[in-house]
Every structure is written in structure tokens, then in C-alpha cells.
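Please read the structure below before turning to the comments.
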């Protein structure tokens, strides 16, 4: 297991759609383990494979610090909202350091996918975990949370990014 480099805003891999996983092999298990290490090292609650430069439809999550929270991974994730109810809250991203903004997401979603052995998995999530599922699946579709912001919030976020030391290396 290893901590991998988190790709930052501006890297083309972050705006590329990840490929479906068809081979459930040792390299996939290693990727998942490395993603957990990377997420934990960075202090995140979720991480998509393209954030570590791998275009495979995999994400890991850990909301176990909250009551009823879970820790796990999902391969080839698909989600659907269970109601039209939404939540709005601060959202950030390991690939866009120092930027957080109010983002609206569905409150409750049903997630389905596969585990590292190819077995079906699924559950209903709400709150932070539902937000995480939507955020990480967006990543796998090549969509950054900045696209979910209203124009004024996006402009402010882009100003912070352009002024940041990490972006101007």
C-alpha cells in the first residue's frame, strides 16, 4: 500500500471520463488500498481513481467519523436520487486545495456498483455520504464540483485557484 500523488486542478485526467472496470484483479485491489491510504493521508472523505491519475471507475469513501457513517469502496458506481429533496452545504475537493463553496446535492441517493471481487453492492445514503457519492461519481464522469456552483461562486473559486501557490508552480 502506498500514498499516491493527488492530481490537481488543471490536470487533464480530472476532466476525463473514467473507463468501466472489467478486470477484477490484483492491480485493482492494490489501487483501492492505495486510494484509501491517499485519502486518509490527505484528510479527505472521498477519492476517485482519476484523482490519482487512473481512469477507472472506482472511488473510496470514509464518513465513519459521523454517526451512521460508512467506510468502503465502489466500482462502476451508479446512483439515483430517491426524492427531489436537496441539501446545500460547503463542499471541497482534494484536487482543488483551499477552495470550498456552497454546493447543492440530492439529500438521499441509492448507490449500486461492485466490490473489489466483482460482487454486487448497494445501499441507500443520505447527508454527507450522499454528497460524497455524488461528488466522487462526478469525478469519474470528468466533472469537478466547480461546475455545480452558481456563476458568482465559480468566479470567486477561480480567483482563489489562480492566486494559489499550488496552481502557480
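Including glycine, each Cβ sits where the backbone N, Cα and C put it.
As written in Swiss-Prot, here are the features:
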type	residues	note
BINDING	93, 135, 139	Fe cation binding site
ACT_SITE	136	active site
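DSSP gives residue 136 (active site) a helix state. In the three-state DSSP classification, residue 93 (Fe cation binding site) falls within coil. On the backbone, the CA of the residue listed as 'active site' and the CA of residue 93 (Fe cation binding site) stand 10 Å apart. Using the Cβ center of 93, 135, 139 for Fe cation, the list of other same-chain residues with Cβ within 8 Å runs, in sequence order, 46, 48, 51, 91, 94, 95, 136, 138, 144, 145.
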